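Features of the protein shown, as given by Swiss-Prot:
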- 92-107: compositional bias 'Basic and acidic residues' (COMPBIAS)
- 92-140: region 'Disordered' (REGION)
- 108-126: compositional bias 'Low complexity' (COMPBIAS)
- 146-221: domain 'Carrier' (DOMAIN)
- Ser181: O-(pantetheine 4'-phosphoryl)serine (MOD_RES)
- 1121-1661: domain 'Ketosynthase family 3 (KS3)' (DOMAIN)
- Cys1304: active site, for beta-ketoacyl synthase activity (ACT_SITE)
- His1546: active site, for beta-ketoacyl synthase activity (ACT_SITE)
- His1587: active site, for beta-ketoacyl synthase activity (ACT_SITE)
- Asp1771, Val1772, Glu1773, Ser1871, His1872: Mg(2+) binding site (BINDING)
- 1771-1773, Tyr1797, Ser1807, 1816-1826, 1840-1843, 1870-1872: acetyl-CoA binding site (BINDING)
Amino acid sequence: MKPEIEQELSHTLLTELLAYQFASPVRWIETQDVFLKQHNTERIIEIGPSPTLAGMANRTIKAKYESYDAALSLQRQVLCYSKDAKEIYYKPDPADLAPKETPKQEESTPSAPAAATPTPAAAAAPTPAPAPASAGPVESIPDEPVKANLLIHVLVAQKLKKPLDAVPMTKAIKDLVNGKSTVQNEILGDLGKEFGSTPEKPEDTPLEELAEQFQDSFSGQLGKTSTSLIGRLMSSKMPGGFSITTARKYLESRFGLGAGRQDSVLLMALTNEPANRLGSEADAKTFFDGIAQKYASSAGISLSSGAGSGAGAANSGGAVVDSAALDALTAENKKLAKQQLEVLARYLQSRLKQGSLKSFIKEKEASAVLQKELDLWEAEHGEFYAKGIQPTFSALKSRTYDSYWNWARQDVLSMYFDIIFGKLTSVDRETINQCIQIMNRANPTLIKFMQYHIDHCPEYKGETYKLAKRLGQQLIDNCKQVLTEDPVYKDVSRITGPKTKVSAKGNIEYEETQKDSVRKFEQYVYEMAQGGAMTKVSQPTIQEDLARVYKAISKQASKDSKLELQRVYEDLLKVVESSKEIETEQLTKDILQAATVPTTPTEEVDDPCTPSSDDEIASLPDKTSIIQPVSSTIPSQTIPFLHIQKKTKDGWEYNKKLSSLYLDGLESAAINGLTFKDKYVLVTGAGAGSIGAEILQGLISGGAKVIVTTSRFSKKVTEYYQNMYARYGAAGSTLIVVPFNQGSKQDVDALVQYIYDEPKKGGLGWDLDAIIPFAAIPENGNGLDNIDSKSEFAHRIMLTNLLRLLGAVKSKKPTDTRPAQCILPLSPNHGTFGFDGLYSESKISLETLFNRWYSEDWGSKLTVCGAVIGWTRGTGLMSANNIIAEGIEKLGVRTFSQKEMAFNILGLLTPEIVQLCQEEPVMADLNGGLQFIDNLKDFTSKLRTDLLETADIRRAVSIESAIEQKVVNGDNVDANYSKVMVEPRANMKFDFPTLKSYDEIKQIAPELEGMLDLENVVVVTGFAEVGPWGNSRTRWEMEAYGEFSLEGAIEMAWIMGFIKYHNGNLQGKPYSGWVDAKTQTPIDEKDIKSKYEEEILEHSGIRLIEPELFNGYDPKKKQMIQEIVVQHDLEPFECSKETAEQYKHEHGEKCEIFEIEESGEYTVRILKGATLYVPKALRFDRLVAGQIPTGWDARTYGIPEDTISQVDPITLYVLVATVEALLSAGITDPYEFYKYVHVSEVGNCSGSGMGGVSALRGMFKDRYADKPVQNDILQESFINTMSAWVNMLLLSSSGPIKTPVGACATAVESVDIGIETILSGKAKVVLVGGYDDFQEEGSYEFANMNATSNSIEEFKHGRTPKEMSRPTTTTRNGFMEAQGSGIQVIMTADLALKMGVPIHAVLAMTATATDKIGRSVPAPGKGILTTAREHHGNLKYPSPLLNIKYRKRQLNKRLEQIKSWEETELSYLQEEAELAKEEFGDEFSMHEFLKERTEEVYRESKRQVSDAKKQWGNSFYKSDPRIAPLRGALAAFNLTIDDIGVASFHGTSTVANDKNESATINNMMKHLGRSEGNPVFGVFQKYLTGHPKGAAGAWMLNGAIQILESGLVPGNRNADNVDKLLEQYEYVLYPSRSIQTDGIKAVSVTSFGFGQKGAQAVVVHPDYLFAVLDRSTYEEYATKVSARNKKTYRYMHNAITRNTMFVAKDKAPYSDELEQPVYLDPLARVEENKKKLVFSDKTIQSNQSYVGEVAQKTAKALSTLNKSSKGVGVDVELLSAINIDNETFIERNFTGNEVEYCLNTAHPQASFTGTWSAKEAVFKALGVESKGAGASLIDIEITRDVNGAPKVILHGEAKKAAAKAGVKNVNISISHDDFQATAVALSEF
């Protein structure tokens, strides 16, 4: 056959085949069955560009033939030509053919260490191992120029940022870009530059065909685009020196590739670009090895890296070089180089090595000396000592706490709500203690605060409110009494004792139990005075002494004198027995009996723990006169447990007089309290659980100013002291906490200097009154033979440096008239216990100070009071002995709790003891009689041994019994008695707001019903955010509770990518649940919190900047560039011709370029004098920011990859926040909006301060650096682009789009614009909110303005990242930047009710304001005060418009007028119809005319009602100078300025803002007459989140909504000490902890932005909106919301488990043909079609869309009535006009049948209203005389026939009147909608 005939036949065959293909159905399934089943084909090959049919064949085999093939032992192979060429042609991999070395060769070859191959940055696919190198020349491969196919494929894939195999050549560019026109334009532009010209419509042509079209004219050379991209790849990702020429030479020498194939390899490298610059040339070669292998695979060639021929090639594993020969070869070169170096040195007159050698020797000698000294020091002092003495003191880290005035109000409020919520039901000791602390902080502001809350306590709500009112009033009265008194330390705690038990299972259990015999400290003092059996001493009586004297004298006396002596002796005895002044044992007993009668503990009846004794609070301020002091009850010959000793020649001995002084002081302190006002005290050793901590509590509760030291300075420690001060700090008290190591001499000196230095020098300027140095460390286990480094260090702390401390204070004391009292911590342990190192020696040595006080010169500046501290349970030193304390007390001595010992020591600070200390040193024995126990060590050892022995026996018996029971009764015998822990399961609810019952709603605001126009009320129906704490739910958990719940932890773990949901086979078994994202191992949901919480907290919130989140930005190495001038010619480098010419263009004569002939590349040499920009790095001091949680990924939510790669990161935050906000509104499909509103009525008013900063960075910085940047980067930088993406991917609306830019106030400004957009009628649904990102550029510029927190300084001050944002505190120092987005869905209340979406809050008011003239853009201003603008003048009475009853009366009058107008208009329609008939002639349709006109009348009536409600409800206050916008907005909901419960502050933590904002809110409240004593809660969210700029107001608004929903007010947990300057703002409370209230009615949100932007929004609880509704409307709404909640709940769970929360729309809800018709019909609505909401032809310009059902029914009735001219009645009633809850009204006007019918309808309110309207219409149709407006209409009954049609039945008077008027029958028509009911009646005569 001739070729031309063959070609013609082939053409015909192809045409026919194609025709058949297009015209016939595809029967591929049948075809597969033929070759798979009939022919049992085992090898199937697809010839085509991609494995399309092969994939289908694989699926078919798996689904249908798997078992079939197994039965027949068929092993099928499905291949595709495009990817399986080697398998098809049976070509082995070249690597498999590489020669393998034999073991013998390996042994004979000298082994060398294997060099670790550096791994290059990850490319798109795994890099295959290169073929082993060969010594011979590589076999060259026939060259082939680049094909257009590959070039186009690479250029498109590179632009799409996808690997080649992800870009099918069968698709057109238009399909590949997925609708992104800018990317499409970029690709076409690149192709144009590459090929010179493009065919027509290349975007619609598949890449295969496009390549064929280009191939005809393609030269095979790389063009401009590809050359530029390759050049950029080499310069940005290859190591220095590895140029294009190097790469080409390597490819040629390594694989024998020619220039064309080299081009192809370089092209393929573009789609496998490394993530980072490769580190070395070896890495680069490895990279190109992999690319070359890929190219070879795609090109169908084999690569070999060794010689293709030659006998030696196969066996050559690499040449072996003789090392000796190599050394000889290089020796001469090294020698020459050395000689040259020496010549140069001589020329420079510099001797090599001499200087460095001398210095080296000196350094070595010095180093040896130093090392010797260090070794000696280490050997002598030990490692522990060396580390222990390191100084830690820093004045910068000091914490000052003095804001008692704020904590007092916080505590009062907490107590108030504790009573209300039943947490506090009786007055116990703790409550009394709280009351004392509150009284200690009483001031006029606090009293007003308490009085307001007690006066407004709603007792009708229950018993707890009554209790709160009663107790609260008592506390107020107490506070008034002590207002002028000094604060006192008064401990009312229960006295406890030790109790040790051994359980049946052998467990030793210790607890502190209340003592029944001693209930309060007054009785405790009495007990201490009595002493015990062990403290009794046998002392001779006076009589016995006289007898001994008499006997001694009488022996030496004469008989006469003996008689005289006997008479004198007898007289003396009589005097002793009769004298009341001489103490005897009997007299002591008598006194004791008298004293114990009224105070016997068993007879005490006024124990404040009893519930009935709440009057204990009332008696707290009373001062008790002590008639009989406790000292008078000290028994004879008994030493009290607590006593004072006096120094005698025999040592220290008990002194009764001094002890009485001390005990009486203790008694007074217990009964009346002890004040420390104006006392300055230093306390060391006051850690948690120590005696010092209890002493510290007492000092600050008594009003002292205390500086306390801590050796373990941390956030946890400072929080401990802050909490202590917040609870116990009294008026005038101050607590200062500093880090301090008492083992460091430097710290001792620095501490004292800090205390005494003047404030201007950075000190306190104090003069100490007392020093309580209790610092110590335990030395347990150190005996005489083990006095180690720790013992020596402990000795230094407890003795050496304690003395230094006293000495330093002495040297700083300014005068001799104010000595500081030092309470020395002595111990009875003088080696008694043993094995405690140098503890005893340290304590004994302190006693030398009693003598030195006399012998040295510091007695006038320091006084000494030794306190021998007894056995104190629970301290760090003694806690191990707790279990034997009970046994010790049974010996007749006393052990003490920490509170008791602190009380004892504080008793040494009474004025009497202080005075005594100034006269002489005082020794206070607080040992509890322990010193009277001989062999204490033996007793303690025996007690411990007995306990352990008992425990062992019981344990053994328990185990034996258990074994016996199991043998007898089986292993499960204990099952019923075993303790089972019920572990909680996660329950992720995604709840909507809880709806109250209608009756509860009506109680809130009964007058509100029907008062507001709901189309002019804007509500928040959805809200969400993306921020440092995840989303709004997880942020609220952290803000409100300070920790994540189990559900919150799961959600955060999911957000951060720690876990994912798995549903399918796992490890060979079906599994449905959470798995660890890294290991793919299952994890139980209850374990998620414990496993991931630490990591979650570490990588969320405010934290150190994580470079991986910000493209590698590390503030510690912030990169900048600096211009330098080149001082000498630089080394040449290689680049492309285009780049070389650009260098030449820039540098001119200072740049040389030359072409490299081999490669066509150019070398460039920068010459002297050229200017270059050289990067440098500085240490930036803003290291901390609020960052999105690490691991946050838009893919987790379902956002497509192409969108992620296209948009700015902030757009992703906005998309996620938007979809979550919609879900929060119950909207699972945004197109649902269009069922209720037109596409033009959904708008977007969200905005940003900066917009896409990542895009801006790319546009300016990266583009300037010539880094790869997408060509459409500009569009992503626009602030409105984020809103555009929301519309393009989710909404497809055509409504208003407004983009506010208000810096930090953007979000609230957005809400303001959104509300205006809705109220102006331009939209009914609007997305509002704000968003901003964090980037280094903004961070740097904020720092330049000194606006942000300096992290370096904060670290110096001991702050952790999470506490660096501290609004309102004394130490606040700049805001903390953050990033994220916040979105709210707002709409009209009317629409929200119709849709049944949740209403989270009502937006009662928004406003923005500028400030005054100035020159500072960021300066804070008070312009927003204008929301409280209101003229007062000398006006005395409020405007009546503020009275809702007045407004309601006016509204009702107006509604009556509208009703009358509507009825009149409807009755005139007949006349209008007659006139219209004449006008339109034959074309006139009576029915159509009446229908349209009726609808117009209805719409006009509705508009008038709306205007009336706006006038008297929504907008009555506007433009009224007497009513402030803020007051008016609240009054619209029947609220007052007192009802704003919370003010959410902008609170940036800057010095200026927090003061300015507090002043603004305070003045706002004051001007509007807020009640005194009623401050708003101040919420300062930014302590937790940082400041996200544009998103700030959105997050605050979300928090405000959550406050309304929960009633919980979150505290500012970083408010460790509120600034004293803020105390003046009495209308603001600054809580530091969350407070659960009984409900918040309204919340104010204020926001301030740079550029004179002030903004405020007020949200009101939705209950006040629901109060506007009637019962049926509310209950119908509740039903809708419940159904929507269930649907959303299901959707959210599916979204999280399937990662499908975000589902991008791919089509608008209308076809292209319907786009414009939809825009042009405002009544067009979507319908559900195949489970999708879409517009259709029938919904556009529909005849049914304008005229409503009511109008049609009414028109029909009117057209019927047109035949008669009399007996017509028309009545119109608003649904809200009929009160169906009024039983009297129903009984008087409706029959039983009517009531039953109406109540059983779907809408009872409408049914009753329609029936009433029908009665009125019938009455009018009868034409009889009215009996007045109040006449009953029960005689007119409206019934329904079998078809439901209304019928009229007349009874009684109505029937008589009808008969009299000649009416035979009355026809009635009723219709209603959700607004009104209309009835038309016609009488038949």
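Cβ from N, Cα, C; glycine included.
A straight line from the CA of Val1842 (acetyl-CoA binding site) to the CA of Ser1871 (Mg(2+) binding site) spans 18 Å. In the three-state DSSP scheme, His1546 (active site, for beta-ketoacyl synthase activity) falls into the coil class.
Neighbour counts were taken as the number of other C-beta atoms within 10 angstroms of each residue's C-beta; across the recorded positions Ser181, Ser1826, Ser1871, the minimum falls on Ser1826. Closest by Cα distance to Tyr1797 (acetyl-CoA binding site), from the binding-site residues Val1772, Glu1773, His1872, is His1872. For the domain 'Carrier' (146-221), the DSSP counts in helix, strand and coil order read 47 helix, 2 strand, 27 coil. Nearest Cα neighbour of Cys1304 (active site, for beta-ketoacyl synthase activity) among the listed binding-site residues (Asp1771, Glu1773, Ala1817): Glu1773.
When each of the recorded positions His1546, His1872 is scored by how many other Cβ atoms sit within 10 Å of its Cβ, His1872 comes out lowest.
The recorded positions recorded for this entry are Ser181, Ala1817, Lys1820, Gly1823, Ser1826, and the Cα of Ala1817 lies nearest to that of His1872 (Mg(2+) binding site). Cα of Val1772 (Mg(2+) binding site) to Cα of Gly1823 (acetyl-CoA binding site): a span of 17 Å. Ranked by Cβ neighbours within 10 A across all protein chains shown, the recorded positions His1587, Lys1820 are led by His1587. Among the binding-site residues listed (Ala1817, Lys1820, Gly1823), Ala1817 has its Cα nearest to the Cα of Ser1871 (Mg(2+) binding site). Close to the recorded Mg(2+) site, the chain also has Val1750, Thr1809, Gly1810, Ser1813, Ile1870, Gln1876, Ala1877, Thr1878, Ala1879: residues not among Asp1771, Val1772, Glu1773, Ser1871, His1872 whose Cβ is within 8 Å of the site's Cβ mean position. A helical conformation is recorded for Tyr1797 (acetyl-CoA binding site) in the three-state DSSP classification. Per Cα geometry, His1587 is the residue among the recorded positions His1587, Glu1773, Gly1823 nearest to His1546 (active site, for beta-ketoacyl synthase activity).
Rounded to a whole value, the Cα-Cα separation of Glu1773 (Mg(2+) binding site) and His1587 (active site, for beta-ketoacyl synthase activity) is 53 Å. Rounded to a whole number, the C-alpha distance linking Ala1817 (acetyl-CoA binding site) with Asp1771 (Mg(2+) binding site) is 5 angstrom. Gly1823 (acetyl-CoA binding site) sits 73 Å from Ser181 (O-(pantetheine 4'-phosphoryl)serine), taking the Cα positions as reference. In the shown protein chains, 26 other C-beta atoms lie within 10 A of the C-beta of Val1772 (Mg(2+) binding site). Listed in sequence order, the recorded positions near Lys1820 (acetyl-CoA binding site) (C-alpha within 10 Å of its C-alpha) are Asp1771, out of Ser181, His1587, Asp1771. Reported as a whole number, the C-alpha separation between Asp1771 (Mg(2+) binding site) and Ser181 (O-(pantetheine 4'-phosphoryl)serine) equals 60 Å. The two recorded residues, Ser181 (O-(pantetheine 4'-phosphoryl)serine) and His1587 (active site, for beta-ketoacyl synthase activity), have Cα atoms 36 Å apart. Averaged across the domain 'Carrier' (146-221), the predicted model reaches a pLDDT of 85. Using a 10 Å Cβ-Cβ cutoff, Gly1823 (acetyl-CoA binding site) registers 16 neighbours. For Cys1304 (active site, for beta-ketoacyl synthase activity), the number of other Cβ atoms no farther than 10 Å from its own Cβ, over all displayed protein chains, is 28.
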